[in-house]
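Summarising the annotation, Swiss-Prot assigns signal peptide to 1-26 and lists sequence analysis as the type of evidence. Taken from Swiss-Prot, the feature topological domain 'Extracellular' applies to 27-401. According to Swiss-Prot, the domain 'WSC' annotation covers 39-125. According to Swiss-Prot, the feature domain 'Fibronectin type-III' maps to 131-246, an assignment based on sequence analysis. Sequence annotations record features per position, and here Swiss-Prot assigns N-linked glycosylation site to Asn139, Asn217, Asn329. According to Swiss-Prot, the transmembrane segment annotation covers 402-422. According to Swiss-Prot, the feature topological domain 'Cytoplasmic' maps to 423-791. Annotation comment: Swiss-Prot describes 493-758 as domain 'Protein kinase', evidence class sequence analysis. Residues annotated as ATP binding site in Swiss-Prot: Ile499, Gly500, Asp501, Gly502, Arg503, Phe504, Gly505, Glu506, Ile507.
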Amino acid sequence: MECGSHSGHRPIPIWLSSCLVAMCLGLPLGAAVPQEAPAYYYVGCYTARTDLLHESVYAKTPQTCIEICEHQGHHYAVLASEKCFCANVLEPQEQQDEQLCNTRCLANKAQYCGGVGVHSYYSTILTKQPGPHHLRISNKTENSLTLSWNAYEARKLLLAGGAEAVLPNQLLDNFLIKAQVLKTYSSLPAFPQPEFMVQSTETQFELTDLHPATLYNISVRAMCKDAQVGQSECGQASIEATTEVGLPSPVPAQPKILSRTDRTVTIELSPIRNDNGPLSKLLVIVEYVDNALSQPFDAQLLGSWQQAQQDGVPYYIAAELDYDRPEDNRTRRFVVGDGKRYGRFTNKPLDQPDAHVHISLGLVSTLEGVTKTMYSRGTHDQHVTSLDDFSYATFEKGQSSVVALAVTCVIFGSCLLLSLIAYFYLRYKTCRGRRLTGGNTHEMTLQTPIIERENNGYLVEDDPLPHSPENFKQQLQQLVEGYERIPRNALRLNVNDVIGDGRFGEIITGKVSTNDFARDCTLHVLCLDDLNGTTQAQLLRELRQLSQLKRQEHLLDFYGVSASPDWFYLIFEQQRMSLKRKLVESRLMAPSPRLTSLSEQLVLQWIYELASAMNYLSSCQVVHRQLCSHSVFVTSDFKLKLSVFGPLPYMNIARQQPDHNRWLAPEVLRHQHHHSTRSDVWSLACVAWECCALGGTPYANAVASNQQLLEAIRAAVRPAQPAYVYGDLYQLLLNCWQLEPSERSSCEDVAFGVRQLMTSPRHALSFDRVAGGLDTLPPYLPQLEAVATMG
């Protein structure tokens, strides 16, 4: 068979290609095609486009048309007989058979320039490299970007002015795709994106697990096989693209109500953070609350005050504040009902003076024409006043004010003098009575060991009892010398705000002033004279373990101690928001597309922070013994803080004491004193499950009896796997719930496993609500988590 030359730009048949290869190998060196000769890439034959007819120019050859379109910055040169068009878009579904482009070009009859109802497309990129051509973004979402590029075929690479194909020296093997973050709004730690390898025949690839509203630089490298050097890079292309803006996260702190009149409410707005895009606007929402029935407002019906009156709904948008400048996002005060216009809404004065009002917020994030809004509903906590909300009486200038101040000073001075006299008299009588009856007034009784569960942070089982009150105070003094001493006048106590009660005494709130800076704090109030021998030993044990701990970012800070002759204060950092409450309040009702306002990344970050804190306690040989979601707190910047001293705080304003039996390991439920780091791992997994279950109650289908709970655990009952929690994460929890303590994972293992899952959070769990499906959130039953009351 004779090897004839091929005319035109159509693909060469297989047998002709083989003949051409043999001829090229037999040519002398001087007859080889020069490498610097210009070449162009023939894309294919496509359906004629009518929108290009009014922009045509005259061109006799593809090379002339390519040069014109390249000069104008277009991606493609389109030929139809002697007419030349330029285009940037190519529709793959409009590709036709190569044989339909049969009209020969005027200046070179060996080439074809379109046909009847079809056009010939050429790439304007003059190259012989098989890199990806016309790299573009074909689709994007919050967490993904879809890349597309033109398919490369070596048989379509033609010499300028000729019709023969340029045979490549390299064979395209695959593509390597990598994305790098250039700009993001997120303050969360960024994890490096993996490199993906796709086959050379692919022309599209979807990058997933990306962060919303983040600018990425995406590079696609072509890897070729060479007979001499093996695999090497033979071309590349890159593009910058931004993912869609996501639903604002995290949930902002609710506004604090400073004061109220009949027509206005003054609130304080804290700085707001958004990890899923820019913070464009802030909506201030007024909601009239019915205490008998409190339901979330419907975002579809949310509008202006006039629209609320027409629809008959008890909520409306009072203001739309601009937050697109850095100076806007700060602590600021705002008056609801001042009658002014903010953005698209008028801030109407309140028309129900006696009604209970909640102020909610709406976070609006807009990027590249896409807008997402997240609503944070106000609660009763925004009405709680703090120690900063005191108002002081003032007097008018004049003689009346001088007289009033003088009378006040005399009265209070007399009361102070009488108090001092009574104090020294009672102290004299008490000391004299002790000397008469002896130093040790404890009744001598035979006591047997009693095992009971302690509601404090650590349980003491074998500590020796102090021999006398003097010995106890001596040991206490030695421990206290290692702590920072805070003078009593640096403390401001809120004695009516009792947030917990345990064996050692009550826990109240207050403020501590150090270095001219006042901070909120919680104070464990101890009356040392009221402690018996066993409680004294337990207190010494806890203080010894507290002295072993240094400052750790995920433990509540210990500020120091303050002592007086009658009272002893242990001062800790104050955090009001418990993890349990934060998880439950984050739940969203239908028709919201999400089950929660929290992101998957944040929930995994919380589990990692908690595991890191427990690993630190384990390294210090400290056993927590009462780890649960009620002993973990969430800060204003969405970091976790673990309480390591004292009783659990009350669950609600009714002062219900939490019962953490549902978080205990089976050996602790059975013996009540077999606490260890391995039993803490069991509790850690229960709290991690709560994070995934958005505050669900562990073993919600079991009663509160310890014996029945123990029997259920022995029967292989574990907290159920929610439908949106995937196998890898749930298996990590199951490894912590082994009956044999030695077979459980360590806190370090849990932290390492969660860290790996954080590289792809949505492969571990997904809070997206399934369309048409039922809510699968585990139930939250607070009555099962509280200590049962008698009667």
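The backbone N, Cα and C atoms fix where each Cβ goes, glycine too.
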Q | Number of Cβ atoms other than its own within 10 Å, given for Ile499 (ATP binding site) | A | 16
Q: Work through the binding-site residues one by one (Arg503, Ile507) and point out the residue whose CB has the fewest other CB atoms within 10 angstroms.
A: Arg503
(Q) Going by Cα-Cα distance, which of the glycosylation sites (Asn139, Asn217, Asn329) sits nearest to Gly505 (ATP binding site)? (A) Asn329
Q | Distant-in-sequence Cβ neighbours of Asn329 (N-linked glycosylation site), under 8 Å, six or more positions away | A | Pro271, Ile272, Leu279, Tyr323
Q) How far is it from Ile507 (ATP binding site) to Asn217 (N-linked glycosylation site), counting Cα to Cα, in Å? A) 53
(Q) Quiz question: given the recorded positions Asn139, Asn217, Asp501, Gly505, which has the greatest number of C-beta atoms lying within 10 angstroms of its own C-beta? (A) Gly505
(Q) Roughly how many Å lie between the Cα atoms of Arg503 (ATP binding site) and Asn217 (N-linked glycosylation site), rounded to a whole value? (A) 59
Q. Could you tell me the C-alpha distance between Ile499 (ATP binding site) and Asn139 (N-linked glycosylation site) in angstrom, no decimals?
A. 52
Q) At the Cα level, what's the spacing in Å between Asn217 (N-linked glycosylation site) and Asp501 (ATP binding site), rounded? A) 56
Q. Could you give the Cα-Cα distance between Asp501 (ATP binding site) and Asn139 (N-linked glycosylation site), in whole Å?
A. 57
Q | Secondary structure composition of the domain 'Fibronectin type-III' (131-246) [DSSP: H/G/I, E/B, coil] | A | 3 helix, 64 strand, 49 coil
Q) Quick one: DSSP breakdown of the domain 'WSC' (39-125) into helix, strand and coil? A) 22 helix, 31 strand, 34 coil
Q. If you run the three-state DSSP split on Gly505 (ATP binding site), which class comes out?
A. coil
